[in-house]
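Here the structure is laid out as structure tokens; the discussion comes afterwards.
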């Protein structure tokens, strides 16, 4: 595993009293780095499949996803120990959970340690823990193993969000914001951790949609410290979380469909997903924008930290909202470097957002103080936070 902390940069703005802020970011990854150009041959070799039609389809998908690199827990060593993972139809959920439970805890610990390091305060100051994952299932849950692994106080208040999919990271931020603002002086650690091993399967002509996941998804972990009223000189806030909302779209439950079976998790992503998001994104964003008096003609005055579910979603958003190309640069960079890492990805997007903001500041393009943090997940669920970038 590898981890790193994300430096806060040059902080110039102050947060509003009582409003939750992001105080630090951290991330961690498994050691296995996959270059997209070598993925197809490796995947078909590891799964003992030689179907030329499926191989050709995956090759096309790998090019259209725009992903260049990803980190994964899966390795040749794991496949040698668990060869049944590459065999169609075998009940392997126990083996998968044994691998996943250990891996997501390990990555979450490393991401959290990196985050706490850059935050600069002792871990004993963490009062609450919010843990997000769609890659494990056990009692007690991963929140307890993370708290124990970090050496947090037994009095730490824990919340666990399971199987929220790609919207889980922003959902966790929403929950952490509520906790921070309703418990003065509290410091909330949000940790997300995901691995695709829970849904790893050999290619099959009966499941062509599986190849989309093979071409798109990655593994890793993210961590964020959230709190209100930052301590001067001791804490450097990155973003203020002003208002958070969540909507689900009725009658879209089957659009992102995941089932935990004896063979692991089986996912189906409907073709119409990007279209549904495009049709609903404008009204959802406008609910947040009107809070500060902005209208749809003001989209390009905002920064956009969007979970990159895939290039089609980003492209449709950009077109529908008439966004300047640079507005989604942070999301596209995260997708290119890490793939869609489910709930973790918003942490990587926020990291790149800080980098992009500092570049804009040096070029005297100082707008973009206000913006939206967005993600889309099963439901279909839309998660959104109106935020202030305190680094610009």
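Placement of Cβ uses the backbone N, Cα and C atoms for every residue, glycine included.
According to TrEMBL, the protein carries these features:
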type: ACT_SITE; residues: 166; note: active site, acyl-thioester intermediate
type: DOMAIN; residues: 13-230; note: domain 'Chalcone/stilbene synthase N-terminal'
type: DOMAIN; residues: 240-390; note: domain 'Chalcone/stilbene synthase C-terminal'
**OP:** Note down the number of other Cβ atoms within 10 Å of the Cβ of residue 166 (active site, acyl-thioester intermediate), including every protein chain shown.
**Re:** 29
Original post:
the domain 'Chalcone/stilbene synthase N-terminal' (13-230): mean pLDDT?
Top reply: 96
